[in-house]
Amino acid sequence: METELSETILPTVTKMYVCGPTVYNDAHIGHARIYVIVDLINRTMNKILNKPTHLVMNVTDIDDKIIRESKNKGITWLELARLHENSFFDCMSKLNVTRPDSVIRVTESISDIVLYIQQIINNGFAYIVSDSSVYFDSIEYKKAGYEFSEIDDEEEQQYESLLSKEIVSQKKHHKDFALWKGRSESDVGFNVEFIFDNQTFKSFGVPGWHIECSAMIKKTLGNSIDIHFGGIDLKFPHHYNECLQANAYHHPMYNPLHQSDTMIFHTWTREFIHVGHLCIKGQKMSKSLKNFSTIKEMLDKINSNQFRWLFMSTKWKQQVDFTDGLISIAKELDFTVVNFVNRVSNYPFEVSDVEFNDKETLLHDDFYRIQQRIYSYLTEFKFEMVARSIQHLIGTTNVYLDLPRPNESIVGKIRDYLLDLLDKLGFIYRVGNSSSSHKIKDLMNILIETRSQLRQLTRNPDLSPGIKKQLFDILDRQRNIQLPDIGIILEDSKDSSLWYENSCVQSSE
């Protein structure tokens with residue numbers, strides 16, 4: 001059911017849907033990986049590939065977990081849901097994840113969900129049991145010619161364990177799953193009606209987990225979508241059952257028996273994109289296992305750029321172990337960019353250095369090749385290769401800057417290209433307004449000249465070792481502590497020094 005992305009199938013506006021949070025607790029960094037990757041893909045399509053998108057996200061704000069957790073905390077389920085929904089979007093904002101074009105709550109879509117279920121009943125693919133629950137009819141679905149998996153749904157089995165044997169025995173097939181869960185009037189739920197076998201059934205209950213997304217996609221995006229996002233754990237049964245429901249709702253639109261051999265086979269969702277698990281020591285990070293760090297906790301340790309590098313530097317389809325080493329890689333990537341932009345922005349280029357010789361030609365050609373390579377990687381959403389290419393481009397340019405009389409124009413173009421690319425990918429780097437007035441430059445030139453004279457003095461063989469050490473200590477403290485504290489970076493070479501302001505920072509926006 002999952003296929004590779006193909007640019008040729010994407011329409012003028014790509015309709016996309018991502019399964020959003022179930023808001024009963026704070027979001028963890030496993031969730032962050034999913035939504036940052038979705039954001040990277042969405043930004044790439046819109047800002048780099050020039051493919052407009054319309055992204056919808058649902059919020060599951062009524063669920064057994066929400067009800068259970070609200071009782072534990074002594075607040076209403078709605079209070080708990082709104083609390084964690086606000087927390088989730090606050091975290092997304094801090095990660096610079098673009099808000100979806102449409103955010104839709106389950107509680108605001110009950111009537112749409114009921115209509116969706118009713119159509120499945122009308123098409124003969126659902127039935128009602130004595131507690132007014134509605135079940136998907138897998139036997140009729142298979143009879144109609146649709147493929148059907150016999151793999152067990154653990155979540156459905158867990159739900160059934162809470163039901164009476166009488167209700168379970170009314171299921172036509174053990175694979176039938178709940179579209180609507182009937183509840184006692186004393187429980188949390190909604191009053192709705194269904195028509196089955198020409199009879200009206202009043203039901204108090206809540207939607208089944210899978211039906212929410214199918215119905216809300218229909219409400220917001222129509223009969224079909226182009227790309228459906230989610231974590232790999234949603235591939236089965238959630239996304240699988242969504243497809244069953246959509247096929248049953250639209251029957252016979254997506255039935256292979258009703259499509260001619262000459263036409264392209266139509267499916268409800270053209271592409272599923274599943275993001276791999278973020279693991280702790282090989283075990284999936286999850287709220288139920290309590291082996292996770294929340295996004296809020298991690299934002300106290302790393303900034304949003306480092307968060308984004310964290311997920312860009314690995315293959316997003318694969319399972320990844322979350323380690324200190326992974327955090328170090330992300331911090332190093334962030335430092336590499338900041339250091340490079342600072343160096344270029346404050347490099348003391350000479351106005352006369354406008355030559356374009358062999359070394360400039362080599363850098364220019366390498367720059368062009370890397371640009372083409374990065375674009376190619378972005379068309380395939382190979383973000384880890386983009387990260388490597390950025391590192392390579394910075395490394396190549398830094399080597400060039402170490403040569404005599406570098407050309408400001410080409411180096412500036414590389415810096416501007418990287419800043420523009422990173423901005424489009426959702427990073428927040430800002431080059432601050434340089435405070436390097438002529439007076440500051442004059443002062444720094446005097447300081448550098450004084451340092452040079454003192455360093456020359458230390459080479460005097462008549463100078464005592466004790467005095468030499470004191471001079472070196474003063475010079476080192478000045479370079480390593482005092483100047484960085486006021487935002488100035490000083491780099492000493494054998495006979496001279498280079499200075500620049502630390503002007504590239506993560507924006508506080």
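The backbone N, Cα and C atoms fix where each Cβ goes, glycine too.
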Among Cys19, Cys91 - the residue Swiss-Prot places in the same Zn(2+) site as Cys213, His238, Glu242: Cys19
Stretch carrying motif ''HIGH' region' according to Swiss-Prot (options 21-31, 175-185, 472-482): 21-31
Looking at the ranges 129-133, 284-288, 314-318, 459-463, which is given as motif ''KMSKS' region' in Swiss-Prot? 284-288
Highest CB neighbour count within 10 A among the binding-site residues Cys19, Cys213? Cys213
Taking the centroid of the Cβ atoms of Cys19, Cys213, His238, Glu242 as the Zn(2+) site, which other residues of that chain lie with their Cβ within 8 Å of it, listed in sequence order? Trp209, His210, Glu212, Ser214, His228, Gly230, Leu234, His239, Asn241
What is the number of residues in the motif ''HIGH' region' (21-31) that are helix, strand and coil, as DSSP sees it? 3 helix, 2 strand, 6 coil
Students should find that the Cβ of Glu242 (Zn(2+) binding site) has, within 10 Å, a number of other Cβ atoms equal to 26
Number of other Cβ atoms within 10 Å of the Cβ of His238 (Zn(2+) binding site) across all protein chains: 18
